[in-house]
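Peer 1: The structure is given below, and queries will be raised subsequently.
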Amino acid sequence: MTLNASDLGWDESSGADPFSFHDQLDRSSPYEVPPLTVWGVALCVSGTLITSENAIVVTTILATPSLRAPVFLLLASLGLADLLAGVALILRFLFLFCVEPSDWSELLTSGLLVTSLTASLCSLMGVALDRYLSLSHALTYGSSQSRRRAAVLLLLVWLGACVIGAGPVMGWHCLGEPNSCSVARPLTRTYLSLLCGGFLVVVVVTLQLYAGICRVARRHAHAIATQRHFLPSNQSYASKHSSGRGFSRLILVLSVFVGCWMPFSLWGLLGDASSPPLYTYATLVPAAGSSLLNPILYSLRNKDIRKVLLHACCPHRCTHNTHVHYPVDV
């Protein structure tokens, strides 16, 4: 997916895409690598950071046999999707500033980015579903049947993401018909509208799941409150403090989730090819930036994953204790 932004000399009114240098070149003249810009550096650095941190998360989960609860399968899927998003950004940088770009390279990076963002968003919905089920069906959470269901869900998510991401490569692009282009070249307006419409549906479903989580948590809190007069005062305070901290974390997660995904989903539906390219860049950056924030907000907040990483970095400070896994903290 072409990032429609400007470099230091770009005129917004021209409608030109500064990341599509090959459209501006004379094919009869030898190709010259364009000078590196601030946007190019940002593309390379962000892609490297996203790839590195998500590679650490995926490797940690896959290399630790004890991390096999449904929540860890979902976090591994989320990490893999975000890792692919980082790879897509790095490939975009290489095709722009290191080797001669082509229609094939543009379609490849666009398809990979669409696949990764789709899988990432659906994995986030899966994490929300896991949190809801772990609260409403606490007795059966973590069973072998739950793991099988999570594996089947992730298989369907990735099959769907790959099919959707194959659209540009299979011919659903506007390279030969500029009039059909959307705000994110080379995707057609029809393709992007369907994609962003699907994104909005997933966002709404995820928010509904978190609303369900709040309702279940409220019932649990009410049940605890009825027994609070049986608890010592220090335990009562600890319970109240833990609930307030959990609610603050939930607000943070939802704010980042909506802030990252809602702008581009709406802009993809409302904008067209004549819209200023800078607006596309301003809405697409948060969606790609979610791949940078997801490991921090989800995986690295999990106590089991943090313990494995701490043991890998400082083995003399950690001891091996067998314990039961619990879902990601709300």
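Easy rule for this one: first residue shown is 1, then count along the chain.
Every residue gets a Cβ built from N, Cα and C, even glycine.
Quick paste from TrEMBL:
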{"type": "DOMAIN", "residues": "53-298", "note": "domain 'G-protein coupled receptors family 1 profile'"}
{"type": "TRANSMEM", "residues": "38-64", "note": "transmembrane segment"}
{"type": "TRANSMEM", "residues": "71-95", "note": "transmembrane segment"}
{"type": "TRANSMEM", "residues": "107-129", "note": "transmembrane segment"}
{"type": "TRANSMEM", "residues": "150-171", "note": "transmembrane segment"}
{"type": "TRANSMEM", "residues": "191-211", "note": "transmembrane segment"}
{"type": "TRANSMEM", "residues": "250-269", "note": "transmembrane segment"}
{"type": "TRANSMEM", "residues": "281-300", "note": "transmembrane segment"}
Peer 1: So which of 107-129, 191-211, 250-269 has the most C-beta pairs under 8 Å when paired with the transmembrane segment (150-171)?
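Peer 2: So the stretch in question is 107-129.
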Peer 1: Should anything in the same chain at least six residues away from the transmembrane segment (191-211) have a Cβ under 8 Å from its Cβ atoms, list it; otherwise answer none.
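Peer 2: Cβ under 8 Å, 6 or more out: 114, 118, 121-122, 124-125, 128-129, 131-132, 164, 167-168, 172-173, 182-184, 250, 254, 257-258, 261-262, 264-269.
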Peer 1: Mind checking which residues of the chain, 6+ beyond the ends of the transmembrane segment (71-95), have their Cβ under 8 Å from one of its Cβ atoms?
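Peer 2: Answer is 3, 19, 40, 43-44, 46-52, 54-55, 57-58, 61-62, 101-102, 105-106, 108-109, 112-113, 115-120, 123-124, 126-127, 130, 134, 147, 150-151, 154, 157-158, 161, 288, 290-292, 294-295, 298-299, 302, 304-305, 325, 327-328.
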Peer 1: Please give the average pLDDT for the domain 'G-protein coupled receptors family 1 profile' (53-298) in this predicted model.
Peer 2: 86
